[in-house]
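S.K.: Straight out of TrEMBL:
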DOMAIN    164-285  domain 'Translation elongation factor EFG/EF2'
DOMAIN    287-373  domain 'Elongation factor EFG'
Amino acid sequence: MEVNRVPAGNWVLIEGVDQAIVKTSTIVSPHAEGVFIFRPLSFNTISVVKISVEPANPSELPKMLDGLRKVNKSYPLLTTKVEESGERIIRATGELYLDCVMHDLRKLYSDIEVKVADPVVAFCETVVETSSLKCFAESPNKKNKLTMIAEPLDKGLAEDIENKVVQIDWPKKRLGEFFLKKYEWDFLAARSVWAFGPDATGPNILVDDTLPSEVDKALLGSVKDYIVQGFQWGTREGPLCDEPIRNVKFKILDSLIAPEAHQRGSGQIIPTARRVAYSAFLMATPRLMEPYYYVEVQAPADCVPAVYTVVTRRRGHVTQDAPISGSPLYILKAFLPVIDSFGFETDLRTHSQGQAFCMSVFHHWQMGLNEDVSINKFFDDPMLLELAKQDVMLNYAL
């Protein structure tokens, strides 16, 4: 039934706007003076499990893409992406979530056969030390130069940014006081925070640590937006495996910016900022971080040893176990790497004869590799000598 107006408190079906809406939207009058949108949905978990999908019949690819668009709108935490290789990636919170998504994609939205690859886990890239060298990068036209180092963020700062305890759009004075008081930054650094990355709540910080006596602040300020874009591009796709960077502070130590405006455009500065961020990152002992689930298991007392066995076998660790008052059950709380969580519930049921039940949710990121993957070990003295010899021979031949 078509209507011209609807009072508050009713459900309304609006047709013809679905192409423009991805997740949520706010519809306003075109004549409204002050336009306000609903605050985007916030969640207490994130999507850390990925699968690749493709139609069983390649000719049905358009149907699958249409189904992906629809399922993306239906599930708030779902994200879809096309990789450089052409793979269609679905990213969700866990196995059960993906099972529901794939059921709807196959039966409700596209009605085709879809092939699914084995699930993989999203990682983050981070550093554990300050860059061993000051890293610089020159723009393609050789007229601009940026120098930068990377170092780990203070403990708890990444979580404060993600939880919006501190926001980049605060006035500079308030932002400076926050870092000055809570994290005891020096006055210059506290007042020189340029951006968070890879977005407004990204767990990385770009700081202008240059001095007015050494750098032309006016020229540097004129390309600030381009440097921020390069920094955010770099932190969105890290140099190790194209995963987001996390918990890293990037400091601009020096800059040489061309005085002519046409020689310091976005095409010159953005890729340069990204490259210098990558260099600083790689010289700061890079590591991979993996996601961990917080798991709660309820089981009878005689099944508790079996639960410990299953959790330990999957690199997890139980942090607490206690009886539930007034019942014969125990509750166990544990942390489990997401990469080792696939099939965990089935394994748990098998070892407990179906008496144990579990719930899991993303909890935190943790360093996943113990091996030092520093880029420094690839640049030992014999290799540097060999590279120098090759360079001399090449130049001599010319």
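Glycine too: its Cβ is placed from the backbone N, Cα and C atoms.
Not measured: the values here are computed from a predicted model.
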S.K.: Which whole number is the mean pLDDT over the domain 'Elongation factor EFG' (287-373)?
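M.R.: Summarising the domain 'Elongation factor EFG' (287-373) by its mean pLDDT gives 90.
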S.K.: Would you list the DSSP helix, strand and coil counts for the residues of the domain 'Translation elongation factor EFG/EF2' (164-285)?
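M.R.: Tallied per class, the domain 'Translation elongation factor EFG/EF2' (164-285) gives 54 helix, 20 strand, 48 coil.
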